[in-house]
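> As annotated by Swiss-Prot, active site applies to Arg171, Lys195, His267, Arg270, His293. Residues or ranges marked as active site, O-(3'-phospho-DNA)-tyrosine intermediate by Swiss-Prot on the basis of sequence analysis: Tyr302. The feature domain 'Core-binding (CB)' is assigned by Swiss-Prot to 16-104, with sequence analysis given as support. Annotated domain 'Tyr recombinase' per Swiss-Prot: 125-315, in sequence order.
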Amino acid sequence: MAPGTLDDNSADGSEATWSEASARFIAHLRHERGLSAETVRAYAGDLDQFREHMNATAGTADPRLSQVDADAIRGYLAALHKTRKKTSRARKLSTLRSFYHFLNDRELVRENPAALVAYPKLGTKIPSFLGVDDVFHLLDSLNAGAARAGASWRRCRNWALFECMYSTGVRVSELAGMDESDVDFHEGMVRVLGKGSKERIVPVGGKALDAVKLYLRVLDSQFPEARRMGSALFRNARGRRLTTRSVHRLLRMELRRCGLWQHLSPHGLRHTFATHLLNSGADLRAIQEMLGHSNLSTTQRYTHVHVDQLMKVYDAAHPRSRRDRSGK
């Protein structure tokens, strides 16, 4: 073993330095979990910031794991109180918990001091949709994990699952209820069985279709017997149909995995789909059809469009609009 590295067979991993343990954890995130470079940098930055805090408060430039306890972590979060939002402090605590969970799993430490520290209360306001950049970050992170050599069929499934949800705007129950035969790869459409057993046809994008193709190919390779367990498109670890609860859990896991801390539900991805289409100038009636809404008023509640964006769409589309809104 090279000097300054952490060995799984060490007699007492708690005597390893923070930098040694951090390097091992970051390598795990990069090579074993296949996280994006941006997400890995965020984890590394959080761990470095804690080490710098320990240096400033305890005079230890590179503390040993045995020197860090729950009180030290509470002191760190308290020091961030004036300069960081609650969501930022919660993310940094989550990084420390993940770090110690990794070390616990490898029996390099006996306790997880971060697990003894409560998360800051974030309130009850739940964002109902994601911005375009955040959606791309989520889906690109899932894509990177699925494209990694040796990726499991479940990693590929998660990419396909959320690409399809964002691409089609279907309800979580409709997504979980899809069969393989509902996807028309040639026409780029999916058949959806909605509320009241009403069937509709919805376009699906090329990225989502590519993700589904990869998922099915890897599923056949790694879990060939799954096809004998029914016709479901998206399957759980036993090969059976995913439940809506599982989709909620998987989205929460993948959001955190890629460093997004919004409390977003699968229903929020449906809102996101509708909002992004309307922001780009799509017709509200067409969005209504794709969402499977009976009333246009329901579709309107799904969209979160800024006034300036509405003005741009209006000015571009209406033949008698005022092109100059400067007042001249």
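A Cβ is built for glycine as well, from the same backbone N, Cα and C atoms used for every other residue.
Note that the coordinates shown come from a computational prediction; the quantities given were computed from them, not determined experimentally.
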> Sequence gap of 6 or more, Cβ distance under 8 Å: name the residues on the same chain that satisfy this around Lys195 (active site), in order along the sequence.
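Within the chain, Lys195 (active site) has Cβ neighbours under 8 Å at Arg171, Gly292.
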> Three-state secondary structure of His267 (active site) from DSSP?
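Reduced to three states, the DSSP call for His267 (active site) is helix.
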> Specify the count of other C-beta atoms within 10 Å of the C-beta of His293 (active site).
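Its Cβ shell of radius 10 Å holds 18 other Cβ atoms.
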> Taking every protein chain in this structure into account, which of the active-site residues Arg171, His267, Arg270 has the most other Cβ atoms within 10 Å of its Cβ?
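That would be Arg270, with the most Cβ atoms nearby.
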> Sorry to bug you, but what's the C-alpha spacing from His293 (active site) to His267 (active site), rounded to the closest Å?
14
> Looking only at C-alpha atoms, tell me how far Arg270 (active site) is from His293 (active site), rounded to the nearest Å.
12
> When the domain 'Core-binding (CB)' (16-104) is classified with DSSP, how many of its residues are helical, how many are strand and how many are coil?
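Within the domain 'Core-binding (CB)' (16-104) the tally stands at 69 helix, 2 strand, 18 coil.
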> If you average the pLDDT over the domain 'Tyr recombinase' (125-315), what number do you get?
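Taking every residue in the domain 'Tyr recombinase' (125-315) and averaging pLDDT yields 86.
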